Amino acid sequence: MKRVNVILAGGASRRFGEPKAFAKWKGGMFYEQAKKAFGGGETVIISRPEHIKKFLSNRERHVLADEPRFRGMGPLAGIYTAMKQTEGETFTVISCDTPLVTRKTMVALEMKLTGNLDAVIPVCKNREQPLLAVYHKRVQDVLFDQLTQNKLKMTDTLKRLSVCYVQAEDIGAGPEEFANINTQDDYTRLLAHVESSNQD
C-alpha cells in the first residue's frame, strides 16, 4: 500500500505567538523533526496560506492549504485535504507541535493498519492521540461528511471508524512523544529538558 506522510501545520498558534512549525529545534525546525519521524517517503505539509511561501523557500515541494470550503476547520480538514489532493492508500499523520515523537513509534503504528481497519490511534495516559496516527484512504468520505456537518471533533469522527487503539507503553512509546508544545512556557521547558538530558 502506498503511504503518504502528512504534517499538520495549519494551526493558528495563538498561544505560542508565532507559527509553531518554524520553531527552532535541534538545528532545524519543529516540522522537520516530524519529517524525520516519517523516515522518508512522500510527505505533504498542510498549512495556512500565509505560511506556504516560507515552506517553499525552505525547499519543501508539497505544501497545501486546506480545501477552500473547509479552511480554518482544524485537523479534520487538514487530513481530508491530504487525502483528496494526494494519491495514497494509507496516511501517516503527525502534528508539527510534537517534536519528540520517534520513527520507532510511527513504524509500530503503521504496522498495525491491516485488514479492514480504518485507523490506528495511540493512547497515552488514557488520552487518544488522533494527530499522531495512521489512517486508511477509505475514511475520506466520513471526514467529508463530518466537515459538512461542522462536526469537527476528532473523537467524534473516530466513533464512526473501525479503529485499533494502541496503548503507548505496548509499543515502547514514552509519554513525552505525545506532548504538545502549545505555549512559549512549554517550549522553554522542552529546551531545558533536552539540555538536562544531554548533560546526563
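Using N, Cα and C of the backbone, Cβ positions are placed for all residues, glycine too.
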Quick check: of LYS20, LYS54, LYS104, which does Swiss-Prot put in the same GTP site as LEU8, ALA9, GLY10, ASP66, ASP97?
LYS20
Return the maximum Cα to Cα distance in Å (whole number) over the record's GTP-binding residues: LEU8, ALA9, GLY10, LYS20, ASP66, ASP97.
18
